Amino acid sequence: MAGVRVTAVDWQRASNGTAHHTQEYPCPELVVRRGQSFRLTLELSRALDDEETLIFTVETGPGASEALHTKAVFQTSEAEGGDAWTAVTEAETENTLTVSLTSPPDAVIGRYLLSTRASSRRKHSNRKLGEFVLLFNPWCPEDDVFLASEEERWEYVLNDSGIIFRGVEKHIRAQGWNYGQFEEDILNICLSILDRSPSYQDNPATDVSHRHDPVYVTRVISAMVNSNNDRGVVQGQWQGKYGGGTSPLHWRGSVAILQKWFKGRYKPVKYGQCWVFAGVMCTVLRCLGIATRVVSNFNSAHDTDRNLSVDKYVDSFGRTLEDLTEDSMWNFHVWNESWFARQDLGPSYNGWQVLDATPQEESEGVYRCGPASVTAIREGDVHLAHDGPFVFAEVNADYITWLWHEDESRERVYSDTKKIGRCISTKAVGSDSRMDITGLYKYPEGSRKERQVYSKAVKKLFGVEASGRRTRIRRAGVRSLWRDDLLEPATKPSVTGKFKVLEPPVLGNDLRLALCLANLTSRAQRVQVNLSGATILYTRRPVAEILHESHAVRLGPQEEKKIPITIPYSKYKEDLTEDKKILLAAMCLVTKGEKLLVEKDITLEDFITIKVLGPAMVGVAFAVEVTVANPLSEKVEDCVLMVEGSGLLQGQLSIDVPSLEPEERASVKFDITPSKSGPRQLQVDLVSPHFPDIKGFVIVHVAPAK
């Protein structure tokens, strides 16, 4: 009798896609998740006889082998196995066979080749049936990435848009981001990111064999999203100059970035800053099936010397001395959290893990960060893999200001304005609101538990007992470690100061503020006030000075005085960065040598509104009205609306805006025809060569087609 052959395959993409929550992937091959069965119907050249079974082979990556768990050979049987690939016959007719294939819940993820042959005495060669893609499975309780809540799975795996929080602690702004993990080619690009990694290039078979482990995969992606050690996806730039590339604030999502990298033959895309790295990594990890969210930390420490303090050196006007200040405190920093079990650390450290693709410091010789267990950070277990000390410092370091004298001595200056690690934020599940998750990272500020954790972290980092919250470990150069026991805070001065905004700070307007000084004593005091102001990047790096003045103030007993400050638009307009941020500083030199530094970070406000006119339905055009304002006191031309939204538009839409008179408002209407139902994020940016981008977004609820 002639050998039995498979003549056709029905991959049952629709029913498998629904069962595996993969129906949104537009790629030609079947996409399924591990640890869960999927069905195929095979047409055979003849019926199988009683003695015959089908033998299946699945393999992934070069040099696939059963020893590396990148290849499996298994035959149809009546029962499902637990730890191995299985095939179960579900239905059989004369010449068709429906089989259910199941992968183990710890199978290697990636693109597989499936082939089959019939078992018989004669040796038949395998027939290739085609390729399929296997992903992580947050719906499978045995998978390390299992997430129990359906609402959270929808938000952190399936939602293709989100919100990234930026700004300053007192003025947090929401920015829309299009993750677009189900857009054309994105899954293919995400898999190719793994194949471009140095570990794959060095030893492909071994690298692929590790892709069952979310700890390994996320650490590789964390390194590959930046371009510092490899031809990774995004090139960082923090100098405020973006020639030859795209300003980080012009990106509205990950899709254009990933497609540009892929089509440009893996040339890093210019340019990114922290929220761009986090947005791209969120896309890649959601696409591969790992629940991931974007997290913003306000007043985020970048502690270069791992001494748990950010040391800022200033001159007598409170201006940062860049050549002395290596540490920094960013207005905000954005990273990712992914949800998975830590088989390497033990079950207490399962759950959210910090991952950060922004290239700040090297980890084992490569610019990457994480995964670091959020629980380990909260409990001070900074010795655990990976990069606990750096993340712990980001949310727990002390901010210390030093006045640098011309004789190269330094003096501690009292400054109570900044606390590190505030308002740690992420988008709430199922809504656009901000969820504060600071409590996941640390115990309440000043509590006994917080002090215990801090002491524990110091001991783990430096092997010394902390004798108080402010114990400091200092490095003198790199050769010796010396301990500056109980670095006491600077003496609290007898004068307090605070900047007060007198009018909302609006882009294009003069800024009006006051420095409010109060004498806390019953004796008169003289205060020398040295004021400075600079446009800054969100890393608080100064760009250009826009204010420099001194005032001699006499304060009577218990007296309060206001020093008015005006910064004309003409003074800051040339040097304002796209971050739209200004830092004011007042160094107050009080009688008897007391010194007080007062600082204020200002983000300039702007205006855009987006209205959806009428109901939205798949395949039916609906109108959108966008109202914008010229923020300047001069006429502007060449303004454009840039519009983007997964499931609403193919790619980006560019709409010209009529010329705008000074401070004039104008409305622009346009039509959109959605291609997908459900909540969809529409982003609209007003782009002009005359002022920084003005960004807005709205959620559109799209009904299915009738």
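A Cβ is built for glycine as well, from the same backbone N, Cα and C atoms used for every other residue.
From a predicted model like this one, the values you see are computed outputs, not experimental measurements.
Under the heading active site, TrEMBL lists Cys274, His333, Asp356. Under the heading Ca(2+) binding site, TrEMBL lists Asn396, Asp398, Glu445, Glu450. For 266-359, the entry in TrEMBL reads domain 'Transglutaminase-like'.
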Number of helical, extended and coil residues in the domain 'Transglutaminase-like' (266-359), per DSSP: 18 helix, 40 strand, 36 coil
Anything within 10 Å of Cys274 (active site)? Look among the recorded positions His333, Asp356, Asp398, Glu445, Glu450, comparing CA atoms, and list what you find. His333, Asp356
What is the separation, in Å, between the Cα atoms of Asp356 (active site) and Glu445 (Ca(2+) binding site)? 24
Measuring Cα to Cα, how many Å separate Glu450 (Ca(2+) binding site) from His333 (active site)? 22
For Asn396 (Ca(2+) binding site): intrachain residues, at least 6 apart, with Cβ closer than 8 Å: Ala301, Leu308, Ile420, Gly421, Lys442, Tyr454, Ala457
Rounded to a whole number, how many Å is the Cα of Glu445 (Ca(2+) binding site) away from the Cα of His333 (active site)? 20
Tell me which of the recorded positions Cys274, Asp356, Asp398, Glu450 sits in the most Cβ-dense spot, judged by other Cβ atoms within 10 Å. Asp356
Pop the mean pLDDT for the domain 'Transglutaminase-like' (266-359) in here, whole number is fine. 96
Using C-alpha atoms only, work out the spacing between His333 (active site) and Asp398 (Ca(2+) binding site) and round it to an integer in Å. 16
Counting other Cβ atoms within 10 Å, pick out the least crowded of the recorded positions His333, Glu445. Glu445
